[in-house]
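Chemist: Quick paste of what Swiss-Prot says about this protein:
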type	residues	note
BINDING	25, 27, 47, 50	Fe cation binding site
DOMAIN	3-59	domain 'DPH-type MB'
């Protein structure tokens, strides 16, 4: 896979309404990567208008999803 560039996530803009991080693309549109993609360990942002892609540099540990599954929670029994 050939990347146009490598860009730090902190240089992207986050839109809380769409949960997308975006960064300007040379074609005039914007590279996009979703919060969900980052939580899944993805590091590729794509431009929807052209074929360019960039590698997103970020700390994956900051985006790890916390498992709030009740089935793994401890059960407290009151006597």
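Each residue, glycine too, has its Cβ placed from N, Cα and C.
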Chemist: Counting only residues 6+ away in sequence within the same chain, which have a CB under 8 Å from the CB of residue 27 (Fe cation binding site)?
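Modeler: In sequence order, 47, 49, 50, 52 meet the Cβ cut-off.
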Chemist: So which one is it: of the binding-site residues 25, 50, which has the fewest other Cβ atoms within 10 Å?
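Modeler: Looking at the binding-site residues 25, 50, the Cβ with the fewest others within 10 Å is that of 50.
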Chemist: Neighbours of the Fe cation site 25, 27, 47, 50: Cβ within 8 Å of the Cβ centroid, same chain, sequence order.
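Modeler: Residues close to the Fe cation site, other than 25, 27, 47, 50: 26, 28, 29, 30, 31, 48, 49, 51, 52.
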Chemist: For a quick check of packing: other C-beta atoms within 10 Å of the C-beta of residue 47 (Fe cation binding site), how many?
Modeler: 21
